[in-house]
Each structure stands twice: as structure tokens, then as C-alpha cells.
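What TrEMBL records for 23-91 is domain 'Mur ligase N-terminal catalytic'. Sequence annotations record features per position, and here TrEMBL assigns domain 'Mur ligase central' to 103-292. Taken from TrEMBL, the feature ATP binding site covers Gly105, Ser106, Asn107, Gly108, Lys109, Thr110, Thr111. Residues annotated as domain 'Mur ligase C-terminal' in TrEMBL: 315-434.
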Amino acid sequence: MMMLSEAAAALGVQHMGADVQFSSVGSDSRNIVAGQLFVALKGANFDGNAFAQEALELGAAAVLVSDASVQAEPRIVVADTRLALGELAKYWRQKFAMPVVAVTGSNGKTTTKEMLSAILSVVAGAKASVHATYGNLNNDIGVPLTLLKMQPAHQYAVVEMGMNHLGEIDYLTHIAQPDVALINNAGIAHIGELGSRENIAKAKGEIFAGLKSDGVAVINADSDYAYYWKSLNPHRKIVTFGLKNPADVSARYQENDGYASVVLATASDEVSVQLNVQGEHNISNALAAGATAYALGVSLNDIGRGLASFTGVYGRLERKAGINGAVVIDDTYNANPDSMKAAINVLAKLAGKKILVLGDMGELGADAKSMHAEVGAYAKAAGLTTLYCLGNLSVETARSFGAGAEHFSSPEAIAQAVLPALAQGTTVLVKGSRFMQMERVVNLLVATQK
């Protein structure tokens, strides 16, 4: 990858000890890869500096530390290893001419990123030629580590960017320096930290601060913040997408049992594609991914082939075989009010007996109770008749749903209530925020228990 002296020079410091070559960069002392540079991050409850020597003994080539008293060698000493990680990632990214795409949004970031990766894999000829954020490692540690994994064999890089405060995406986009930047939407995820949708839209708009001057901004024309995001790109090319409002890339679709046949269209061409994921929100995600690929110069034919090959993301509306022939939809990866409603829409459109299992949503601030109540009312209005809830705040969800709702104290209790209803023709959808670990319920309901 690079010599320690090169990394030190990029950070404006001197290295100590032998000038070794490192082959990768990591920050987890529990998972040292031989030959890597170990970055000793420091947080409120941990200090990676304490593991520097151990990292070397486990095979790290060198360490990057912020504690001057650390004697482990070879080493680089900096004032702040977190910032140094970002600087090193920025330096490494500048070595590559491949298109770098930055993706953000309140909902659908990871799914859209994976859809785009599927499209670009068609263009590149192999999935291995597209480098993309693993999972949702989209913060000030995950983004630099993602960029530091870029290799000459890659033809594209797709980088997901998340945030929970103003300024975070601004920092990330200046590191990534994207050629194309997408904002999928601005909902109310993280409203507890940011205080308003306006601040969320502003935080998402920061992605354009690091977009290259000749880069392309990809904007959701259906968002009520589209005009604001366009104003941040007065001299750049803009590609818009939308299901409702006029846009450069649009779509019309028909749904059958939750799955959609979609026609993506530009002013001069169109392509038909059968999506293998459910929900209108995934039609929007597919449209966003398609528009971003279009901004990269990809043909609509290749966009259609890529979207048709996409089969979903773990823990996001993932269909699983349930006990006694039932279907369990695992949507447990995370949740906010918008994604809850999207999942409810998917379940409501299905035939047969339907059971909705919901856990608490996090990071909603002072309005958390009312937002949980709103989800319950939404589920009832959608025509669902059975709701099982878990978590302190989901008491409000059950209360607003009314008859047909029950609140439970454990995943096991919910599973015991659901099990008698599991049969051919029954669908159970399970969803909640990450901290609720609602996959515990899923694991008790699937045919092959884990």
C-alpha cells in the first residue's frame, strides 16, 4: 500500500523506527491483519493507544498513535488519530482517477448504494471491480477506512455517508472528494440530534461541499428541499430524479404482490426492469441509483440489467421461510418513522393473514412518544389488524393502534404469541431500531432457527 515514511509525510510528521511498508489500515486491535497500520483511536470509554504494542505483536506492521509516551515501533505520533485517519484517507483517495460516488439520505442509503454497485458491476464486468462501503460503515471512521481500501483494480468507488450532527458530512465529503454526489431524501431520522427537518436537509446538503467543481449533483426532484440542494450547485451539472415531479430520470411502475415492474425513462430513452425487492420506497431507491449511474454515463440498458440483478440487503425487507410455511419479512436492521411507514405499506399490500411486529425507534428527541403513536395510527389506517410491540416507547404505538395490538416484555413472549398463527399464507413483518435487536424475534420464527 505505502511506506510508513510516505504516510508520515502526508500527515506532516516524522515516523519513528524502521521505515516499513504496510498493506492496509485498521483500527480494531481485536482483528489485526498482518501487515496493516494500526490506528489507535481514542474515545470516551476506550483508548487504542494502550493496545499499540499488542497490535505489533499480533502482526501489525506499524502503529499510528496520539500518546507520545507510547514506545512501540515502528510508529507515527500525531495529535489526533481520528483526524489523521481522515487525512491519510484523503491523501490515498487522491492517487486514484476512478469515479468516486458519494451517497447520502435519511432513508435508503445502504440499499441505494448496493443497487448502484450492482449497476456498476454490470458496466465493469465484475463485482470485484466496484469498491463500495461495506455494510453501513458511513461515519468519520468508516468512510476513511473505506477510501483506504481503494485499489488500482477498482473501476468505481461508491461511498455511503451518514451523519448525526451538522458538519459531519461536510468533513466526510472533503475527504472523499466525490465526482458524483447523491442525496436520496431528507426525512426525520436523527431529528432528536438536529432538531428539525430543515437542519437535516442542510446536513445532507453538505455532501456537495466536497463535490468536485466539474462533478455532478444528483437530486431528488420529489423532495421539498430539491430547490435548496440545487442552489448549492450553481455551476455544476445537476441530474434530477423523481416519481412525481418532472425530472431528468423518471419512472412509472405497476406493482404485483408488492413487487414492481418499472419503466425508467430519460428524455431520449427508456428501459423496463422487474425489481426483486418490495415496496414503493425501493422503487424510489432504484430510481435514485439509476439516476446516479446515468450521471456517470451508464446506458439505461445497463442500468436495467444491474437493477434486475439486485436481490436486496441483509435485514432490509428480507423475506425468510418461517415455521409451518409462513413468510417472515426481516426488516430489523434499523428504523425511523419514514421507514416504518414504508414497511407498513409493503405488508398492507400483501394477501393473506398479516402480523406486524414493531420495536422502538431511537434518536427522535422530544417528539419520540408522538412519533411512535403516529406509526401505530398509520398501521391501523393501512388496514392491518394485528400488531405486537416491544420496547418502552412502543407502548404508544400499541395504544394508538387500538384493538388488535398487544405489548410484550421480551422477544420470546412475542414469538410465543405469533407461533400459533404461523401457517401457509401468513406473513410476519418485524422491524425496529438497531438497538432493539429485533432479529431476536425473527430468529425464533424462521424455519431454521439460528
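We count from 1, first residue shown onward.
Glycine is no exception: its Cβ is also placed from the backbone N, Cα and C atoms.
The structure displayed is predicted, hence computed values, not measured ones.
Other than Gly105, Ser106, Asn107, Gly108, Lys109, Thr110, Thr111, the residues of this chain whose Cβ falls within 8 Å of the Cβ centroid of the ATP site are, in sequence order, Thr112, Asn184, Asn185, Asn285.
Computed over the domain 'Mur ligase C-terminal' (315-434), the whole-number mean pLDDT of the model equals 96. Sequence-distant contacts (6 or more apart, same chain, Cβ under 8 Å) of Thr111 (ATP binding site) comprise Val277, Asn282, Asn285, Gly312, Val313, Arg316. Reduced to three states, the DSSP call for Asn107 (ATP binding site) is coil. Per DSSP, the secondary structure of the domain 'Mur ligase C-terminal' (315-434) breaks down as 52 helix, 32 strand, 36 coil. The Cβ of Ser106 (ATP binding site) lies under 8 Å from the Cβ of Asn184, Asn185, Ala186, Gly187, Ile188, Ala189, His190, Ile200, Lys204, Asn336, Asp338, each of which sits 6+ residues away along the same chain.
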